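Single-structure report; data block below.
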Amino acid sequence: MISSYIFRKAWIWILLVGVLLFFGANAALRWTGNPNFFPTVIMLGAFIVPLAYVVFFYEHVRDRNIPVLLLGVCFLVGGALGIIAAGFLHYAVLREADLLGLLKIGIIEESSKLILPILLFLAWRFHHQADGLLFGISAGMGFAALETMGYGLAALIESQGDPAAVEQVLLIRGLLSPAGHAAWTGIVCAVLWGERVKFRRVTINARVLGAFVLAVVLHTAWNAFSLFRLPDALTYTGMITVGILSLGTLLALYHQARLTPAVPVALENLLDLAAEGDEQATLLHQEGNSKK
């Protein structure tokens, strides 16, 4: 039973093969001392967990209407757009890494990661709440992977080529990434898609704004616990609490999306037309009453 489960799950294979390749590249780096292995080690260490995480959710949603290629584009392009936009905004806005600065980082990065998901949302080719959740997780994990590569390179330079310093950064950020960027962007996109499905039009209401504020607060708290010099017990307790809240909220929305049946595209279009007709009829009725 266990072997058949493993053979049917691509995310497990991605994780297992990726980990083996990472340890192989790392062993080659240490054995030969050849710095040419550093890019391979950093790339594998940064991408293994994010890629496996996205595939895990893709395999477990109720209706997988999103092409794998589009999900990959969301992962790479969405992540790259987020990193580039956040980088420019960080340079233009941030002055100090105090609590206000961390709040600005949260707002900037959570907004930047939404660039490509928002474009897909406005195109509205994928109508299920699970689609939004997948797009959010993909863009968030792409952002996290590219950010981890940057931190890995910075650790390499600052340590003057110490493999142990790079390994530590890759290990910590890789293990923690599911509770970070992917969860926060996934929460916002799942709620954004869910509210549009519910009201049959683009809806930015208190629930959507609340999801974004929650993502920013969780992001800010995560950075505060990890960057400020606090007692170790407080740091670990705080980060674990933020991680549980982030993953718990994401999994609750994921469970909700799985239980929601998908509406066929043809029926979805008919319902949209009916909703537009009702709105036009209401406007005409109001105009008629105003003329009386």
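All positions are counted from 1 along the displayed chain.
Backbone N, Cα and C define each Cβ position, glycine as well.
All TrEMBL annotations are machine predictions without curation.
Feature annotation from TrEMBL assigns transmembrane segment to 37-56 (among others).
Through the fold, the transmembrane segment (68-93) approaches residues 50-51, 54, 58, 104-105, 108-109, 111-117, 120, 134-135, 138-147, 150 of its own chain, all at least 6 residues removed from its boundaries and within a Cβ separation under 8 Å. What TrEMBL records for 68-93 (among others) is transmembrane segment.
Same-chain neighbours of the transmembrane segment (99-122): 74, 77-79, 81-83, 85-86, 89-90, 93, 132, 135-136, 139-140, 143, 181, 184-185, 188-189, 192-193, 196, 202, 212, 215-217, 219-220, 223-224, 227, counting only residues six or more beyond its ends whose CB sits under 8 Å from a CB of the stretch. Residues or ranges marked as transmembrane segment by TrEMBL: 99-122 (among others).
The transmembrane segment annotation in TrEMBL covers 134-157 (among others).
The transmembrane segment annotation in TrEMBL covers 169-192 (among others).
What TrEMBL records for 204-222 (among others) is transmembrane segment.
The transmembrane segment feature in TrEMBL is assigned to 234-254 (among others). Long-range contacts of the transmembrane segment (234-254) within the same chain: residues 57, 60-61, 129-130, 133, 137, 176, 178-180, 182-184, 186-187, 190-191, 194, 214, 218, 221-222, 224-226, each at least 6 residues beyond the stretch ends and with a Cβ under 8 Å from a Cβ of the stretch.
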